[in-house]
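Single-structure report; data block below.
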Amino acid sequence: MSKNRCGWCVGDLLYENYHDDEWGVPVYDDATLFEFLILETFQAGLSWITVLKKRENFRKAFDNFDYKKIAEYDTSKVEDLLRDTGIIRNKLKVKATITNAQVFMKIQDDFGSFSKYIWDFVDGKPIKNEVVYYKEAPANTPLSDTISKDLKKRGFKFVGSTVVYAYMQATGMVNDHEVTCFRYRQV
Ligand SMILES: [Zn+2]
């Protein structure tokens with residue numbers, strides 16, 4: 001018998017693997033939290049599968065998501081990135097990535113780690129929802145509004161409430177697996 005998965009990923013192997021291995025698994029290390037933050041900001045207005053398919057290209061283009069290097073990118077690097085057909089060539093998002101790397105490091109300085117900062121919003125523990133059908137899961141919540149406002153106040157770009165909620169789902173701050181999904185009780 002095949003495994004029962006959240007309906008949104010079924011039928012695409014890349015999507016299924018991402019769902020099985022990563023989506024909703026709590027992430028506590030800053031490097032991975034930064035990677036998801038960048039991928040989610042590029043996703044704004046597009047589909048997640050579009051970003052996922054380009055993830056390895058992003059990894060190559062953005063120095064393996066090394067925020068210390070990204071924070072130092074200059075205008076010639078931005079021009080290189082805007083010529084890279086393997087990524088999403090959106091000038092505002094590319095520039096925002098540099099700003100976001102800088103703000104990310106400021107938060108590390110202020111809180112000890114970005115992980116500490118972001119997980120404090122849920123008291124360090126994932127919120128476990130009871131989603132029956134994935135389309136019922138919210139696109140954003142009062143909590144993602146709060147986090148979005150705080151991120152923006154600190155200088156982050158492309159962190160609207162919907163982007164933040166998708167980020168919370170991806171990094172396991174919230175468990176939005178369908179209750180019948182084999183991962184619901186595992187993550
Ligand atoms: Zn699932």
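Note: Cβ is positioned from N, Cα and C throughout, glycine not excepted.
The following features are taken from TrEMBL:
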{"type": "BINDING", "residues": "C6, H19, H177, C181", "note": "Zn(2+) binding site"}
Neighbouring C-beta atoms (10 Å sphere around the C-beta of H19 (Zn(2+) binding site)): 19
Secondary structure at H19 (Zn(2+) binding site), reduced by DSSP to three states: helix
Cβ-centroid neighbourhood (8 Å) of the Zn(2+) site, C6, H19, H177, C181 excluded: R5, W8, C9, W23, G24, Y134, E178, F182, R183, Y184
